[in-house]
Amino acid sequence: MLLSKKSASFALSAFAMLFTSVALAKEAPQAHKAVELSILHINDHHSYLEPHETRINLNGQQTKVDIGGFSAVNAKLNKLRKKYKNPLVLHAGDAITGTLYFTLFGGSADAAVMNAGNFHYFTLGNHEFDAGNEGLLKLLEPLKIPVLSANVIPDKNSILYNKWKPYDIFTVDGEKIAIIGLDTVNKTVNSSSPGKDVKFYDEIATAQIMANALKQQGINKIILLSHAGSEKNIEIAQKVNDIDVIVTGDSHYLYGNDELRSLKLPVIYEYPLEFKNPNGDPVFVMEGWAYSAVVGDLGVKFSPEGIASITRKIPHVLMSSHKLQVKNAEGKWTELTGDERKKALDTLKSMKSISLDDHDAKTDMLISKYKSEKDRLAQEIVGVITGSAMPGGSANRIPNKAGSNPEGSIATRFIAETMYNELKTVDLTIQNAGGVRADILPGNVTFNDAYTFLPFGNTLYTYKMEGSLVKQVLEDAMQFALVDGSTGAFPYGAGIRYEANETPNAEGKRLVSVEVLNKQTQQWEPIDDNKRYLVGTNAYVAGGKDGYKTFGKLFNDPKYEGVDTYLPDAESFIKFMKKHPHFEAYTSSNVKFNASTDALPKK
């Protein structure tokens, strides 16, 4: 429940009074001393317990490698724990949602590997609430790690009451250090499923209230473990006094260095960023990418006055040497061998930020147990589709073309509907046909089928945009599908239907009409060029890929409030089938396309 500004202000005031008068008794001033801390951190592992593939530029060649995996995470944490003084091991939220390990085990697999990693603290992320309060409880009950979140407060009658604390205080070399937890508010309330008995409070106001109260306790060294996202936490760093270090999550940003840039990894910011708070004191902010790919390693020295300085800063990218693939002369991916392989490994071994072949035996055993069960359960039926086949795949991307289904890719409309169901507040969704790789046939649907239909691991993305821009998105996609690029760009949707001509008019436009479904009246209405709609799509086209140029222009413009929900499209498919266990197949794609008699466009 997100409170109105007036209600939130009153509630925060009451919360502040309660916190300062009861939770913390003011202490007399005391002498402080310098202390060093080793902050080791991850965030947003999203049930990625096994390694996954990425591409790097290695010695001038694009190279496929495997990165991440929780065995590597825990092995690296154990090594660094033994190596450095005063380790503090943190997880900045979003442990769950992203793979079948969550879909099938509801957080117990994630809790098991996190327990094996001996984290000191975990903060809640928005995805912790994806399965409601009951779903979060399935993660928290087996979790042996203290959970912190100051701005997420369950009512006393909630099943989540007393399951976490707003902050904790620990002692290092006789010096008290405080750590505060925060969650992202709008994303959790609007894109996840917290119960109405859970209240959410503004991130910045909560951070300042907590910092003030801890300062009154005589503590001058404060860490913020925050899933509020990089942008919000950067704002906190510059607006809130008395916080020294912010370990962030949610944005999935790789904070890196020149080593990682040389590999063409997607470094967003330097590790760590440094800002000044209103008092002029330094505040350090860092994030560790996502999907168990990075262990952040920050050495911090606090002066007696509580001023932080950095003694070490290494974002460790966890990588396997077992896969080093490049394209051969025929364009096929093949393993490097001989001198080329040795040269590649020598380059990686020379980099402080690359950690090769870390494995933890205990974690390997845990994952192996869950993997065997996952492979078995993945064949279980989640629902049944009745009626006709819903055509998809490359042969049916464009309606009414020679060789294709007259309706085009009904399967793509179906996927758009599963997104529409998941993103409960959107007005419409748009999906590219190339993202759906197969026909969806009548019969039983298993967990594995979802990942067969949607193999790219896309996440759901939203924009707030005018109707005129929605129409331009459709125009862009059709142009790319029919003329400029690939048929896979052809657009389908849910909550939206349109008619278009293959041959553009004198103004270069193909659209004849566009209608949006009014959720209140359940009536179709002409799209309003000036109205702002909340539009859902997948993160791939949201960034401008596949010819979706207008989406691409909105991507970095805050006016359009772009949000990557990090909800997996395959997970949305599974949830839809669970909600509709006997689903009658669609027979329409919601697209009327007046095709010409020209030859098929190029694939």
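The backbone N, Cα and C atoms fix where each Cβ goes, glycine too.
Here is what Swiss-Prot records for this protein:
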- Asp44, His46, Asp94: Zn(2+) 1 binding site (BINDING)
- Asp94, Asn126, His227: Zn(2+) 2 binding site (BINDING)
- Arg397, Arg437, Phe456, Tyr540, Val541, Ala542, Gly543, Gly544, Lys545, Asp546: substrate binding site (BINDING)
- 1-25: signal peptide (SIGNAL)
- His127: site 'Transition state stabilizer' (SITE)
- Asp130: site 'Transition state stabilizer' (SITE)
His227 (Zn(2+) 2 binding site) versus Asp94 (Zn(2+) 1 binding site) - Cα distance in angstrom: 8
Structural state of His227 (Zn(2+) 2 binding site), classified by DSSP into three states: strand
Cβ-centroid neighbours of Zn(2+) 1 site Asp44, His46, Asp94, 8 Å, sequence order: Asn43, His45, Gly93, Ala95, Ile96, Thr97, Gly98, Gly125, His127, Gly249, Asp250, His252, Ala290, Tyr291, Tyr566
Recorded positions near Asp44 (Zn(2+) 1 binding site) (Cα-Cα within 10 Å), from His127, Asp130, Val541, Lys545: His127
Sequence-distant neighbours of His227 (Zn(2+) 2 binding site) in its chain (C-beta under 8 A, six or more apart): Asn43, Ala92, Gly93, Asp94, Thr123, Leu124, Gly125, Asn126, Leu182, Asp183, Thr184, Thr248, Gly249, Asp250
Residue pair Phe456 (substrate binding site), His46 (Zn(2+) 1 binding site) - Cα distance, angstrom, rounded: 16
Cβ neighbours of Arg397 (substrate binding site) where a neighbour is any other Cβ within 10 Å: 27
For the recorded positions His46, His127, Lys545, the one whose C-beta sees the most other C-beta atoms within 10 angstroms: His127
Alpha-carbon spacing, His127 (site 'Transition state stabilizer') to His46 (Zn(2+) 1 binding site), which is rounded to whole Å: 8
Between His46 (Zn(2+) 1 binding site) and Val541 (substrate binding site), the C-alpha gap once rounded to whole angstrom: 22
Distance, Asp130 (site 'Transition state stabilizer') to Val541 (substrate binding site) (CA atoms, angstrom): 24
Residue among binding-site residues Arg397, Gly543, Lys545 with Cα closest to the Cα of Asp130 (site 'Transition state stabilizer'): Gly543
